[in-house]
């Protein structure tokens, strides 16, 4: 799917109501008609909000500033302030998950007395998953920046508003080039915290092998945390037959002809609602449906070559999503057990897109991880 941002302006959205027919002595019919009209108006309003969010995020990428008065959920609005806003400390206690790891409650927020001075790094680099783009992080970007962090959200090649043809991408090196460009430009001694979602986990693993000295920590969110010699396809194949909805939603694209391997994987926009966004606000689902693009097939089947000296030298953390229908808990636990990270957090109530469904709780985990001091040599 192309990504024509220029036509996402709110001016292009209009609301029209169908005139209801008056039927004699039928008050129930009139009530039903009125209810239908209200639902049509609500759907149109949600769609307008999604298009507006997409347009504003595009302006952010062009101008380098993200409006902080965007609605980040269906029920909470964060007012714009001159200085970063400190969020209240949650009184809820951390529970244990089925794998005896940290379980984050939805209402736990950033520590009240957050101080980013003296941290090893305050620079986050956010890497989206397959089909997504930098746009999916708009809530996370704002929350982290309000807390005093520096944030880069990257559009991988052929994703988001990146103009490269997805069907022409044949390797991970091509796909992650926008990410490697960021790391190559870092100054001497400068480090970042890499965050990868979904297929973005394979992407950050690839660059962890290339730039170990420039990465402080790596955070995998419902992501491919692969072993050496494994591909993303190898990982998802572990659940073949157990996720019929995902298989139905995938559409292979054959730009070079059906007698050649697929060039990309498209997604059925109606079906992804149920297995990617089953806990996400409707306006974020609408934003995703107008913004998602196909996933290049070459990088999906490429096996990683990871070494203990490079990839293994970087501290890894995993954030699990218990209500995830795309990468079910059983598969996430297998990923964790096969390639154990330093620490695991379970984000209670989150679907596959926690940046939409649990943005505050996700932000708290990211901040908490950033505050973990470096290991003593």
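The backbone N, Cα and C atoms fix where each Cβ goes, glycine too.
Of all ranges given (38-58, 59-79, 80-100), TrEMBL attaches the label region 'Disordered' to 80-100. Looking at the domain 'AB hydrolase-1' (124-361) alone, the prediction's average pLDDT is 93.
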